[in-house]
Amino acid sequence: MFPTVSRRRVAVVFALLLVLSLPAPAAAVDRTTIDEPFSERALSNTFPGADSFSEPTGEYQIVEAYAETDDGRELVGYVYLTSNVVDVEGYGKEPIEYLVGLDTNGTIRGVELVEQHEPFFDRISAIQRLRQFGYQMVGMSVTEEVTLREAEAGEYHVDALTGASVTTRASIETVTQSARIVAREKGIVSESASPATNESATNESSERRRMTLADLGRGTALAHWTAAPPGAAAGANATLDLYAAPIESAPVRQSMFAGGNASVPDANATVLWVGLDGPGSPGRPDRLRLHQWTESTTPSVQETRVDGVDWSAALVVPGLDTTRPFVLDLIVGGERISRTYADGLAVRDPVDAAAARTLPAWVGTVESAWEDLWGSVVALVVFLGAILAVFTFRSRLCRRAGVTVNRLRIGTLGVTLVFLGWYHPTQPTTQQIAILVREVISWATVGGFRWALFFSAPLVALTFICIALVLPKWGRGVFCGWICPFGALSELLYKVTPWAYELPREYHVKLEKLRYPLFVAIVIGFVISTDFGATLAKVEPFKAAFYSSLVSDPVYIAWSAVLIVSGAFMFRPYCRYICPLGAGLALGNVLQREPIQRYDLCGDCVKCQTDCEFQAIEDDGSIDRFQCFQCSVCVDNYYDPGGCPVVLQYDNEHGFTVDAWRDPHLIERIRPEDRTTEQQRILADRAVTDGGETELFAGSDDLIPKGTIVDMVRRSTGTDDDEHGGSCSCSGSADACSCSDPADACSCSGSATPSADWDDEGGADA
């Protein structure tokens with residue numbers, strides 16, 4: 001049953017969203033930072049040192065940059081608009097547009113942001129951060145690969161945008177891919193034998209993007225050999241570079257054979273990639289043969305386009321075992337070049353080989369992000385694994401070890417706040433769920449799913465994977481009550497302050513439903529427009545709490561401050577009444593298959609309802625799964641022999657042991673819908689062995705000692721025996737008591753008789 005929401009609450013929600021979506025006039029800015037990218041001023045800023053510029057020409061609308069020298073005007077480089085060359089989508093599902101200057105040596109001389117539509121990059125300070133990120137690529141060569149970790153040979157280091165991993169990747173790919181295409185177009189770097197084509201269409205997905213030598217080297221053993229070219233004079237400076245690599249990855253094979261006449265070979269076929277490069281390379285070889293043992297083969301040749309070589313081809317060679325010795329024979333420029341691979345070529349190890357065959361190409365685009373954060377990734381996996389272990393063995397911890405799970409949760413929240421809130425901010429948002437919904441709709445209608453969007457932020461991806469795993473078993477409370485950084489901040493702030501204000505239950509029941517229309521509105525907003533959705537998502541204070549450098553909107557800052565400070569006076573008000581992320585995850589609780597167990601007496605005893613600060617327990621003792629945060633207070637009480645009336649009764653009748661919950665006498669007191677499969681089996685076995693007759697539990701007040709916490713809670717809430725049909729403690733019924741005391745104060749010494757409402761009716765609900 002989904003929670004119902006009235007029209008009045010929906011109106012309140014949309015009024016709130018309207019107020020938050022109104023930008024501060026002084027701070028609002030245009031998404032376009034350069035109105036005329038080919039103006040003299042913009043070109044001069046992009047290519048410092050150039051004195052004059054030509055008109056844009058050619059397929060890519062490239063501007064030539066000239067400098068005045070003593071010998072006259074000299075061509076020093078080129079300036080182009082990235083949107084004319086590539087089309088790499090950012091997080092906003094639109095390209096990030098840059099004006100790039102490239103000199104005649106293939107070095108990037110300038111990068112200027114022109115236009116972008118990234119969420120949360122709508123303020124002056126945020127746009128300046130994106131502009132500064134582009135400046136980091138000035139000085140990079142088109143032959144280098146950008147890395148976010150420590151740079152090695154052939155790599156160029158840049159610092160990522162904090163909290164914007166997708167925008168970081170999109171900016172890097174936009175600048176580097178376009179620079180390589182322009183460099184090939186102008187002859188700065190080697191061009192393959194096949195004609196150049198506009199790669200705007202192919203850049204729409206990572207599976208179809210142009211490969212580089214670095215891409216090939218990540219998943220296989222890339223062999224490189226340098227030789228003197230055929231007919232070269234002694235001491236000549238020209239060299240010929242020969243590359244060879246076995247291709248195991250199915251996506252890479254598809255990329256290499258895309259657009260060709262040959263079909264993609266099956267997984268069992270051997271594909272060997274060969275490349276030639278260097279001043280001594282005349283392009284396509286005259287002949288190419290392979291020799292292994294006594295076999296010689298002239299393979300079919302599928303020419304490929306790989307950045308970094310003059311000519312390359314994929315060779316389909318049936319029967320070739322690249323892990324064994326073989327010889328590659330070429331006729332280049334009329335002369336023979338022979339290369340023997342005595343140890344063969346193979347993917348680095350069996351694990352890499354299996355990965356290369358099965359992993360999609362988008363994995364390569366996010367690989368470096370995971371490598372950069374491998375330490376944090378391992379720590380988060382251990383942390384999440386420990387939490388899942390607590391839930392898996394929660395009942396055993398309570399029964400045997402005497403652990404109070406709620407206290408363990410409070411300690412976990414401290415780790416969550418420090419690690420996932422401040423040290424490495426990892427706050428999932430409604431925005432990410434909305435983007436997922438949008439991508440699913442896009443995949444269903446036009447095809448294509450941008451997996452890299454969700455895996456470019458490793459820690460957030462791991463958190464969502466954990467949520468998906470626990471949702472069907474324990475519900476969203478594992479995340480909201482244990483892992484959410486903002487929830488941890490709000491609850492711990494409440495614990496350390498002296499105030500404790502709580503809304504009356506009638507208002508709580510009404511307000512907690514406000515979250516659901518908020519969630520629906522944000523998801524619909526992102527489906528309509530990323531900018532519109534991002535504006536609605538400002539109802540979430542996460543950016544201000546953990547990514548303060550990304551925000552500058554005074555309205556958003558003030559709103560976030562109110563939500564954070566309110567947590568000092570009231571227990572997690574944002575989480576319970578506003579949070580659209582929690583609402584969206586709570587809808588997934590319809591999948592929950594392991595409810596928290598309740599006794600038949602839970603409708604009469606209000607101890608758990610009083611202890612639950614989330615107010616997730618109804619008056620009849622049942623737990624509202626849409627409000628439950630898995631705080632485990634009721635779980636602690638459920639197994640507490642000194643606090644739960646049902647366990648007290650069992651202890652008085654049968655003697656308490658840690659295996660009491662395997663005893664049919666106690667199992668019958670558990671509500672039927674909450675019994676585990678094992679408990680149902682135990683009852684079924686008991687019914688077979690003794691005809692189903694089980695000794696009834698006594699249930700009167702004499703088993704709840706006067707002055708205990710249970711007794712005081714019941715008395716303070718007015719749940720006395722006269723309200724529940726309680727009976728006299730003597731041997732007769734209350735109506736037929738022979739003593740002189742009134743029924744509600746009878747103190748004679750009769751045998752205990754269970755009250756009508758507390759009788760064990762074979763496990764029926766109270």
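Just so it is clear, glycine is given a Cβ too, placed from its N, Cα and C backbone atoms.
In TrEMBL, annotation is done automatically, which means it is predicted and not curated.
According to TrEMBL, the protein has these features:
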COMPBIAS  191-204  compositional bias 'Polar residues'
DOMAIN    90-182  domain 'FMN-binding'
REGION    189-209  region 'Disordered'
TRANSMEM  373-393  transmembrane segment
TRANSMEM  405-423  transmembrane segment
TRANSMEM  451-471  transmembrane segment
TRANSMEM  478-496  transmembrane segment
TRANSMEM  516-537  transmembrane segment
TRANSMEM  544-571  transmembrane segment
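Here the domain 'FMN-binding' (90-182) has, by DSSP, the following mix of helix, strand and coil residues: 30 helix, 25 strand, 38 coil.
Taking Cβ pairs closer than 8 Å, the transmembrane segment (544-571) reaches residues 20, 22-24, 27, 120, 123-126, 129, 162-164, 421-422, 425, 427, 485-486, 489-491, 493-494, 497, 499-503, 538, 578, 613-614 in its own chain, all 6 or more past its ends. The stretch in 405-423, 451-471, 478-496, 516-537 that contributes the largest number of Cβ pairs under 8 Å to the transmembrane segment (373-393) is 451-471. The list of residues near the transmembrane segment (405-423) in space but at least 6 beyond its ends in sequence, with Cβ under 8 angstroms from a Cβ of it, reads 379-380, 383, 387, 390, 394, 397-398, 459, 463, 481-489, 491-492, 495, 545-546, 631-633, 635-636. Within its own chain, the transmembrane segment (478-496) is flanked in space by residues 384, 387-388, 391, 409-410, 412-414, 416-417, 420-421, 425-428, 463, 466-467, 470, 541-542, 545-546, 564, 567-575, 579, 582, 585, 614, 629-631, which lie at least six positions past its ends and keep a Cβ under 8 Å from the stretch. When pLDDT is averaged over the domain 'FMN-binding' (90-182), the result is 87.
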